[in-house]
Amino acid sequence: MDWVTGLPPGGDRSYNACLVIVDRFSKTPIFLPSHNNNKAMDTALLIWNRVVSWTGIFANIISDRDARFTSALWTNLHQLFGTKFSFSTAYHPQTDGLAEIMIQTLEYMVRQFCAYGLGFKYCDGFTHDWCTLLPALELAYKKSIHASTN
């Protein structure tokens, strides 16, 4: 689980960040448009409302040491649900390698859709409505054949 931040405002709520979650077993990505200034509670509600209802409670979460994930709120949630939370060490993002690779893939996919149009009339370069592409990009990634999952 990691963040893509510093994005141009997009969508009806002027999102400027994207929370990227990757299921380590199936390699399935979940892209959630968000805001840079989300607090721990905002992030917890986003995950609860948009992810946990679909996937169930996580057994293990790996993330960097973002303040949104290291707060007392998250510690209490992990104790309540029995979730193990592992943090990557500073300057060693490979611990959360799946999320890091997925972020690179997501950025590449958004650039390709925006650069070539591909039927998206609302995408004028990388700066407009990138978040409206997220469901289609999630689906495209899920339907792609990958060596690790066949």
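These residue numbers are counts, starting from 1, taken along the chain as shown.
The backbone N, Cα and C atoms fix where each Cβ goes, glycine too.
Across the domain 'Integrase catalytic' (1-150), DSSP classifies residues as 71 helix, 25 strand, 54 coil. According to TrEMBL, the domain 'Integrase catalytic' annotation covers 1-150.
For the domain 'Integrase catalytic' (1-150), the model's pLDDT averages out at 77.
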